[in-house]
């Protein structure tokens, strides 16, 4: 059966309860709970509003306060869960009567720290003990601290004030300081529920937050999230974000230091946006990738339950879109009705895209006062949309440039060629184009435009308009293209608002003749010059799946292929090579014919329409279907041959990687091979890198040209040793080699993100090394075991969790299981019950995902010392036959002396206490592991330079009694020290750089 490892992280309050996950307490049955007096009651009766223990401990704050009550219940002040109808119904259902408290029923108190108090909390402020209500709490103001009621932050307390029972307070700090610890607290029966936090001096995050640059922060040589409180000593390294660049006189990288006074020693320089640059070569007409027009956006309108495409637009700044006023002006301008998406190739709002898209709401719409729509002939038809958030520029998402002409003629000069893109209709009553399309058209002289426009349309050529058209009639915008930009080499000049030339549903041939758009590239020449069936205008037509695509790009019936009838204008549907084999001229698909027959040594030998192969410097040209078959410079290939370009080692392709021979010419320009530095040098799991070229930040995954600068710093979860610089700066040389290599960073292990855990519910950030292992069974996925991260690809668990009759790595999805050869399961008393799981990818460490430490004791005793306290976590069953815990829980238990363990274990279980095992248990019976906790780690803590650090000592193997959840017996753990060689060998094979 296949195994799947999934990392599951749940966030709940830490429970002070001493029962729950680890079965029953000592002296009671597994499904019972032991009162303080020793009395046993059913687990179902604990914290239910009724005192079932003689000492009432089952309804006390000590054991109930942090009970996780379902949404349909009411939570009593001390934590019990009662009926959702209990609140203020006149019946006392909470043991403390808090469901009928006067303050609650007069207003709305909720003691859950995740919710607000709705009562007038100012009444809770009391100046002296004589005035205080029963069970008050004293307010202690820490240095630079402000304490207020949660419901009204303006109402603050003074040091020494007293607050009434159930008062919910909020901590904040004076300017320049930040809270370290929990930001809220509640007074319960004279005591604060949580420890008081502290206010620490910090540097303002706002200084290092910006849209034009990206920042990496490090503290004590460890990379930290820049959104956290910034303590003195933090170093911030800032470089331009993608889509921005540094002016020539500025350094490529800023390094800022947070001083002891809470001030940064400098500020990062803003970077300049890169505008108007395409990621790929310029576009002509037809289908186009958004990376060629990265400034183009799609505007949608919310209509009832649907979202409909209405117009195009153009990015000119991170929050600013330019479009036509008629796209967004209704009787009343309402920004909430519109959505903007950037980075889209496809018109449909919910279409699955090839590249990342970003979605925005509109916060403001600005339209010139003089705009009155068609009643004023669309004068001032321009709108500025202000987005609710900043656009994050990417290689395929960039702004267009704007250059203002303050003097002279404002209109672009006649015959200036400009680009227009959109998803407009393909005919007047036809469908909108599903794919993004683009066309190049010229500006028409204003006088000529008016002369050739019918009188009824002349008023639309207002002073703020210019005309575009096409003497050759290559095409025209249509409905749905409104608002799209017209872009020339330097400027964004306007937005499309009217048509001219051929009618919107027509296409203009090279000769000027107008034909229906429906008959363009349909296999039949409808224009006198046959331009409607030419390679120039048809090659990149997007043919539907139910059609056949001719060699030059036209779309004809799917039955056309080799049916004896010439339906493609060039006859390619009946070509001999096609009908003998299976050629497809779509560059996105493979050729399945025997392409080697297309290689011809001289023009005399070539088939009709051969193409000459020209090998660029350091270039390799092969057939697409068989990369091992390569061409020499000067070879000729037959018509329709599909070739692939690659480069020799150390060089990379710049341009299109594929081409096709069509009637003696190559369909696309030949690319080039340029020398590049290997990306592998700057790729690693332990560090992160920012790349810049020509003072512009670029993706480090792209081809790295000479002159590229790479700045490397430790990734989250790693730090630099003291003798190594915090930041490495590498330069790609003209010889294609880096001048140095980044230093690997050291993983941070065994450190919690928050305070130490005890027993009960626990947040994964307190045990960030714990993982969940699931198994696929038929159509379901079932939880089976826990495990512990010790390296980015290595998980330690119990062998019995993943061992079947035969260990078969192909049965596993994200791991490979490896055990000692002599592991025989329960037949050998779970000797060597240890497994090392190797994941298929490296784990990316985060504040809540970190490894545990491992320390090998090569000399002396291998077992941990008796009475050593260790932490165990898991989602095990709450009783022998009960459900698995939905929430992650943890407990602290001691190591038991081996001799004592054997003495107190029945003879039948003694063999399970093998040499590679140690025992844990609980003299006080606070709990025990249960089914589902197998494989979970036992971790002990050591103080390393003042930081509590957790080390993995072993994994849960088996219970030493018939009852797997009993707190009266012990549990055997497999000691990792006995498996040092296996673990170190495997871990060493997968050490990241």
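Cβ from N, Cα, C; glycine included.
Packing around residue 40 (disulfide bond) is summarised by its Cβ count: 15 other Cβ atoms lie within 10 angstroms of its Cβ, all protein chains included. Here TrEMBL flags 28-40 (among others) as disulfide bond.
Look at residue 53 (disulfide bond): DSSP puts it in coil. Among the features that TrEMBL reports, disulfide bond is placed at 35-53 (among others).
The 10 Å shell around the Cβ of residue 81 (disulfide bond) contains 20 further Cβ atoms across the protein chains shown. The secondary structure of residue 81 (disulfide bond), as reduced to three states from DSSP, is extended strand. For 69-81 (among others), the entry in TrEMBL reads disulfide bond.
The annotation disulfide bond is assigned in TrEMBL to 76-94 (among others). In sequence order, 49, 74, 76, 77, 78, 80, 82, 86, 100 constitute the residues six or more apart from residue 94 (disulfide bond) in its chain with CB-CB distances below 8 Å.
Residue 514 (disulfide bond) falls within a strand segment according to DSSP. Annotation comment: TrEMBL describes 502-514 (among others) as disulfide bond.
In three-state terms derived from DSSP, residue 555 (disulfide bond) belongs to an extended strand segment. Per TrEMBL, disulfide bond is recorded for 543-555 (among others).
Annotated disulfide bond per TrEMBL: 550-568 (among others), in sequence order. Under the DSSP three-state reduction, residue 550 (disulfide bond) is assigned to coil, being neither helix nor strand.
Residues annotated as domain 'Peptidase S1' in TrEMBL: 274-502 (among others).
Among the features that TrEMBL reports, domain 'Peptidase S1' is placed at 748-993 (among others).
All protein chains included, residue 69 (disulfide bond) registers 17 other Cβ atoms within 10 Å of its own Cβ. Residue 35 (disulfide bond) sits 92 Å from residue 514 (disulfide bond), taking the C-alpha atoms as the reference points. Within the group of disulfide-bonded residues (35, 53, 514, 550, 555), the Cβ with the highest number of other Cβ atoms inside 10 Å belongs to 550. Cα distances from residue 550 (disulfide bond) to the disulfide-bonded residues 40, 69, 81, 514, 543 are smallest for 543. The disulfide-bonded residues near residue 568 (disulfide bond), taking a 10 angstroms Cα-Cα threshold over the set 40, 69, 81, 514, 555, are 555.
Spacing of residue 81 (disulfide bond) relative to residue 40 (disulfide bond) is 20 Å (Cα to Cα, whole number). On the backbone, the CA of residue 69 (disulfide bond) and the CA of residue 555 (disulfide bond) stand 63 Å apart. Ranking the disulfide-bonded residues 76, 543, 568 by how many Cβ atoms sit within 10 Å of each one's Cβ puts 76 at the top.
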